[in-house]
Structure formats: structure tokens, C-alpha cells
Amino acid sequence: MFKIIIVLFVGGSLATLINILVSKIINYINKKKVKRNSLNYIVLTIIILVVLYISYMNFSSKHNLIIAVVFDSIIIIGSYVDYKYKVIPNKFVLISFVIGVISLILTRKLMIDNIYGMVIGGMILLIIAIMPGGLMGGGDVKYMVLIGLFLGIEKTIFAICISFVLGSVIALILIIFRFKKLKDTIAFGPILSIGSFIAYTYYDSVIDKIIF
């Protein structure tokens, strides 16, 4: 019960902050002040609380939990903005990158593996982006570089695999139920975020089960 109270308090505070940041990013994209949608605020708050609770239950180390909260906040904001506008602003990626580096340094979690995660993740999506058909946008490539900073090389590859499987399933469902046509595009940022969250949170336990 005490854990739930802590999560609700911290999560509620974080949700308020994230909603403010999202509003500012949306205003920046539209170049004007956009009226806040109450339903979107509630949905976003619920997502934040659920994600934070999952992270709280899976990371016992204080340093690991801090990084998880920073990472969760970034991917939630990135997902929401990309879902609404199909764009991930460069300024958001840059600021998030700086915050990520500072967080990793302060918690002594920044290692060469983080650099590898950035490079490999970015290269994989860049190759896909420059292939004929335009399956991936430049924003997704930059977003993956940012995500790779937190995940490291193994989790990054795992996240990309999950994301493509998940993306294929979602696209198929949308086409079958005629929400989308075959030539339509969907925002890949939220899907990358889900795959990355799964990889960041559960990769170690999945590998342990496979090995043992």
C-alpha cells in the first residue's frame, strides 16, 4: 500500500510536469497556443502512472530507478507528440539527449555500451530509412539514437526486433479493420517506445529464463 501511495504521489507530480512539457512542445510545433484537451491529459496521466509503477516494481536500485524514470518520461513525451503530429522535434531530441547523458554520468551508468547502443540503433534505422519505399523517417532515426543511449547495444537490438514485430501486427490489424489503407503510414515513434520500454525493463529477466 505504501508503495502505491509513493507511486501515485511521484507519478502525479511527474504527470503534471510531463503534461506541461507536452503542451509546450505542441505549441512549439503549431507555432501558437493550443487549447489543452482534458481527455488527453487524463489518458496521458494514466499511462505515466502505469509505466512508473512498472518501473518502480522492476528496479530496486535507486540509480537504476532514476534512469528508468528519466527514460520513461522521454519516451512517453516522444510517443505522444509523434502519435499526434507524426514528428519528433529536433530540439526535444537534443534536450533529452543532454538530460540522458547528465543522468547517466551522475548515476555512474554511462559506459561504452551506451555509445554502441546509440551507433548501432541509429545505423540500423538509417539503413532502413534510405532504402526505397521510405519506411522510416529521419525523426525515427534520431529518436532511436536517443533510445540507444539508454539501452546499450543488446537491449537496443532487442528493442528494434520487438518494435518491428509489434509494428507489423498493429499495421495488419489496422488494415484488416480498415482503419488504414495499405499505402497509409503510421507513427513509428510510439511503437519504438513500447519496444524499448519492454527491452529496458524485461530484457535481463528474459535472457535469464532463456539461459537457465
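Residue numbering: from 1, along the chain as shown.
Even glycines carry a Cβ here, placed using N, Cα and C.
In TrEMBL this protein carries:
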- 73-172: domain 'Prepilin type IV endopeptidase peptidase' (DOMAIN)
- 6-26: transmembrane segment (TRANSMEM)
- 38-59: transmembrane segment (TRANSMEM)
- 92-109: transmembrane segment (TRANSMEM)
- 115-136: transmembrane segment (TRANSMEM)
- 157-179: transmembrane segment (TRANSMEM)
- 185-203: transmembrane segment (TRANSMEM)
Residue distribution over DSSP helix, strand and coil in the domain 'Prepilin type IV endopeptidase peptidase' (73-172): 84 helix, 0 strand, 16 coil
Other parts of the chain folded back onto the transmembrane segment (92-109), taken as Cβ under 8 Å at six or more residues beyond its ends: 25, 63-64, 66-67, 70-71, 74, 77-78, 81, 139, 142-143, 145-146, 149-150
Average model confidence [pLDDT] within the domain 'Prepilin type IV endopeptidase peptidase' (73-172): 91
